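Peer 1: Quick one: the structure is below, and I'll ask about it shortly.
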Amino acid sequence: MSDELKHIAIVMDGNGRWAKKRGLPRSMGHKEGLNTVKRITKAVSDLGIPYITLYIFSTENWKRTEAEVGFLMGLIKQHLKAELKFYADNNIRIEHIGNLSGLPQDIQDEINSVRDKTSAYTGTAIVLGINYGAHDEILRAIKKLNSDELASINEESFSLKLDTGKIPPVDLLIRTGGEKRLSNFLLWQSAYAELYFTDTLWPDWTVENLYEAIEDYKKRNRRYGNA
């Protein structure tokens, strides 16, 4: 296996706490978090890293207040519409993982529209985890299998049934905000990922912080089970 960095995944944690520290509503933290998304994805694109997957909205996030969920859905839709020029200027294409059918119809339509409009771009792919949970993803993949496939299934063929399909496994998984857990994010794809945890809240995370995480990754010895 190559140690070349092909796929970064990020659990973007800390928006709410960032806002609370400043006496602001949680919504302001989410808005500020989008600014971080733009600068980090631009940096990843400039570095020529093929994939970055962002944990935008989990299957568990529906447990939040109706007002916050509604705000987040609106923010996602607004962001996708507003950034088409950014994607074009940077040759970025958008992909989606998660249970698309479980999202409001207007969000489904916007995701499909942006995915179609950016599909010809050949640079970095931003993979948006929206209504995503690894357990849900794996269960949906199992349900796609017919009896013949089930009898001959192996790791490679099962991987293709997952939302990520042919996207390479995660090399570096970053979590901001101080927590040290995966939170049901890309469990199958992160089997051999290097984990990087930082106390910095997502809205405060900088391009320099990204470079530090990548430099730390480069120093790791990835053995993949070997001695």
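Residue 1 is the first one shown; counting continues down the chain.
Cβ from N, Cα, C; glycine included.
This is the feature table in Swiss-Prot:
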type: ACT_SITE; residues: ASP13; note: active site
type: ACT_SITE; residues: ASN61; note: active site, proton acceptor
type: BINDING; residues: ASP13, GLU194; note: Mg(2+) binding site
type: BINDING; residues: 14-18, ARG26, HIS30, 58-60, TRP62, ARG64, ARG175, 181-183; note: substrate binding site
Peer 1: Taking every protein chain shown into account, which of the binding-site residues GLY14, GLY16 has the largest tally of Cβ atoms within 10 Å of its Cβ?
Peer 2: GLY14
Peer 1: What recorded positions among THR59, ASN61, TRP62, GLU194 are found with a C-alpha within 10 angstroms of that of ASP13 (active site)?
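Peer 2: The recorded positions passing the 10 Å Cα test: none.
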Peer 1: What are the sequence-distant neighbours of THR59 (substrate binding site), meaning same chain, six or more residues apart, C-beta distance under 8 angstroms?
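Peer 2: Those within reach of THR59 (substrate binding site), by Cβ under 8 Å and sequence separation of 6 or more, are GLY98, ASN99, GLY102, ASN131, TYR132, GLY133, HIS135, ASP136, ASN184.
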Peer 1: Which of the listed recorded positions (ASP13, GLU194) has the least company, meaning the fewest other Cβ atoms within 10 Å of its Cβ?
Peer 2: GLU194
Peer 1: Can you check which residues sit near HIS30 (substrate binding site), meaning Cβ under 8 Å from its Cβ, same chain, 6 or more apart in sequence, and list them in order?
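Peer 2: In sequence order, the residues whose Cβ lies under 8 Å from that of HIS30 (substrate binding site) (at least 6 apart) are ASN15, GLY16, ALA19, PHE71, LEU72, LEU75.
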Peer 1: Among the recorded positions listed here, TRP18, ASN61, TRP62, ARG175, LEU182, whose Cβ has the fewest other Cβ atoms inside 10 Å?
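Peer 2: Counting other Cβ atoms within 10 Å of each of the recorded positions TRP18, ASN61, TRP62, ARG175, LEU182 gives the minimum at TRP62.
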Peer 1: Using DSSP reduced to three states, classify GLU194 (Mg(2+) binding site) as helix, strand or coil.
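Peer 2: In three-state terms, GLU194 (Mg(2+) binding site) counts as strand.
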